[in-house]
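Here's what Swiss-Prot has on this protein:
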type	residues	note
ACT_SITE	124	active site
BINDING	235, 236, 237, 238, 239, 240, 241	NAD(+) binding site
């Protein structure tokens, strides 16, 4: 494999798409050795086919705001790869959304979904529409207008979206309702639905729950008990909430959360009503965490900074891509962090990842750590297909088993001669091998 040649070609075809190119390069570096052991992959040009999406839909979304003024946004759906199942991946509503971000997320999703062992391909979609500051009626009208274009490309065996940043249960409900009206079918075409119409128990907290199950497995490989360990978390939405809830349940102490305005440090631990307050902060729509310090004496708000300067045993990025950089990694390493688990997608910069691996710090990438969310989406698809509903305990048990299996795959492919587990390499190889063999088995298409 000539990585330099492949990347040069992609950079020429997709200039400026930094997030997408970063994601592709990371995977290629990890799989180079094993790819070169399979000449049949090169003959079938597996890499060249895998790094480009099957198709991309870009469309205008026109809607009317509460003032009666016409607004326009861009909508996207990237159907990346369906070698192992229907396209599966969330929809993101945020002002920062662009094609590069969605292609990176769809590419990552392809491998993440493969790791779950469930039959799901990779995809991602979204819009540069931001729900922040919008009324409920405006959000409903936008979701309906968005689906007027996208519905024709979706289906339970074709492409199954879910939520993501800016898209929660409310937005999924509005989109599913419009899809149902347009198709006149009630099928499992969306996941993350309300419990009353086909949703799965523990789906909102599944990404955070699964992340902690994975991190706990990482610690156990070193004989370390998570009980009593301090945890630094970024973000304060559903993912951070789920992570904080499960970390506390496992006996750890969460000491930070963060938002665009800065971070909260609570040495007494964020548990009980404090965890519930995270959801109140998110529901307020203000996108700030500063009010936490006013609500709970003994905690401190640090404006304009990220939580990685706090001494903690475990660091869990739960907010967005590239939120933990090289300087942050140095701070964590200097503070003797035991484990870093990306619960956000591509939460660490390449420089940060290199530093963790160089210092033999336990680090695992988002495609493995945060796979609990899409795994539970897959379980929701299964429940919809069988027209039944599992209990929370059943779903949680299956989620725990899936995360245990993902960790085992990472250990299998990522263990180095000195015993260090390179989870980046392990996750990339495990996901790639499944997708590559599936593509080989289906011919040149």
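The backbone N, Cα and C atoms fix where each Cβ goes, glycine too.
Between the CA atoms of residue 235 (NAD(+) binding site) and the residue listed as 'active site' there is a gap of 21 Å. In the three-state DSSP classification, residue 238 (NAD(+) binding site) falls within a helix. Reported as a whole number, the C-alpha separation between residue 237 (NAD(+) binding site) and the residue listed as 'active site' equals 20 Å. Counted within 10 Å of its Cβ, the other Cβ atoms near residue 239 (NAD(+) binding site) come to 28, all protein chains included. Within 10 Å of the C-beta atom of residue 236 (NAD(+) binding site) sit 27 other C-beta atoms, taking all shown protein chains into account.
The record gives 235, 236, 237, 238, 239, 240, 241 for NAD(+). Within 8 Å of the mean position of their Cβ atoms, the other Cβ atoms in that chain belong to 208, 242, 243, 244, 257, 278, 282, 318, 319. Residue 240 (NAD(+) binding site) and the residue listed as 'active site' have their C-alpha atoms 21 Å apart, to the nearest angstrom.
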